[in-house]
Amino acid sequence: MPSVIVVGGQWGDEGKGSIIAYLALHDEPEIIARGGVGTNAGHSVVINGKKYAVRQLPTGFMQTKARLLVGAGVLVDPEVFFYELEHLKDFNVAERVGIDYRCAIIEPKHKEMDRKNDYLHGTIGTTGSGCGPANADRVMRVAKQAKDIKELEPYLTDVAAEVNDALDEGALVLVEGTQGFGLSLYYGTYPYVTSKDTTASAVASDVGIGPTRVDDVIVVFKSFPTRVGAGPFPTEMPMEEADRLGLIEYGTVTGRRRRVGWFDFEMARYAARINGATMLAVTMLDKYDKEAFGITDYDKLPRKAKEFIEEIEERVGVPVGLIKTGPELEHIIDLRENI
């Protein structure tokens, strides 16, 4: 069985959480591992009308048969970790989760630095979660690791070993990234970026998967890209236009209103190339065409929605395998058999 990596192709908030949740329930992976930066990105998913948001744990938590892992490349905030264990207790998460013992720790001092730094908080628009300062300490080799925190001892493991053992045994491993391509420290709109790379290559490294062991890379785009905080946004629309179209969203972590823009085909093509996308996922198609809401059969999509998907495939050069047509998990069109 393969390893599948899911990453964002825009500035985060693409709907990765809903795609990961669907894959977790539909494909039933044995392991769901989280890569990415840390608690500065929130993934949300709607289950039976109830919205769940996670910042530390894998978004595929609702697949109760899966082992949930947090890779060594991810920053861990113990306060957030234990809050989410309690928040998700109905899913028996505490019995299934493992944190790599090498994860660096976000301490209160890191969050304070993040929020009080005028440049980071005012100019860049950081989430204030402490990830930047914690990663800086990690680079300087002074950050604490998960193995140094006594409360985390019951959850410590070697994630890289677990993941590779699972792949050796033919298990399916689902790996989720955070944020999006436009926020990559290397390839994003620097300096208005996050504190590390966010591409599929980096996410694979975060959990200890070598390049030759990655089978599929799904890059997620939403019909109207959004951005929280400062930084270039070439296709941004006026807030009044977003209001008129009903495109009003708020960040999962910051609570700040998201800036909204038109779909950027050039950026999408570049993101797909750098991430090595084998397929694309398009979310919020119902925002682009309200008549597409809740449809689960591609042939039943209205013409406007179909033409948009076809244009994405043609201009980006990668097939669309998954399409979200609403907020619920079942609001999805799965075209992977056709790829």
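Numbers here mean position along the shown chain, with the first residue as 1.
Cβ coordinates come from backbone N, Cα and C, glycine included.
Asp13 (active site, proton acceptor) falls outside any helix or strand according to DSSP and counts as coil. What Swiss-Prot lists as active site, proton acceptor is Asp13.
Within 10 Å of the Cβ of His43 (active site, proton donor) there are 27 other Cβ atoms, across all protein chains. Residues or ranges marked as active site, proton donor by Swiss-Prot on the basis of sequence analysis: His43.
Its Cβ placed at the centre, Gly42 (Mg(2+) binding site) has 20 other Cβ atoms within 10 Å. For 12-18, 42-44, Arg258, 284-286, 324-326, the entry in Swiss-Prot reads GTP binding site, with the evidence type sequence analysis.
The Mg(2+) binding site annotation in Swiss-Prot covers Asp13, Gly42.
Its Cβ taken as reference, Gly15 (GTP binding site) is surrounded by 22 other Cβ atoms within 10 Å in the chains shown. Annotation comment: Swiss-Prot describes Asp13, Glu14, Gly15, Lys16, Asn40, Ala41, Gly42, His43, Thr127, Arg141, Gln179, Thr194, Arg256 as IMP binding site, evidence class sequence analysis.
For the recorded site, Arg256 (IMP binding site), the DSSP three-state label reads coil. Cβ contacts within 10 Å of Arg256 (IMP binding site), excluding its own Cβ and spanning all protein chains shown: 13. Annotation comment: Swiss-Prot describes Thr252, Val253, Thr254, Gly255, Arg256, Arg257, Arg258 as substrate binding site, evidence class sequence analysis.
Following the DSSP three-state reduction, the secondary structure of Gly42 (Mg(2+) binding site) is coil. In terms of local Cβ density within 10 Å, Gly12 ranks first among the binding-site residues Gly12, Gly255. For Asn40 (IMP binding site), the count of additional Cβ atoms within 10 Å of its Cβ stands at 27 [all protein chains shown].
Counting only same-chain residues six or more apart in sequence, the Cβ atoms lying under 8 angstroms from the Cβ of Ser18 (GTP binding site) belong to Ser44, Val45, Val46, Thr283, Lys324, Pro327, Leu329, Ile332. Cβ neighbour density within 10 Å is lowest for Ser44 among the binding-site residues Ser44, Thr127, Gln179, Thr325. A distance of 16 Å separates the Cα atom of Asn40 (IMP binding site) from that of Arg257 (substrate binding site). Rounded to the nearest whole angstrom, the C-alpha distance between Arg258 (substrate binding site) and Gly12 (GTP binding site) is 10.
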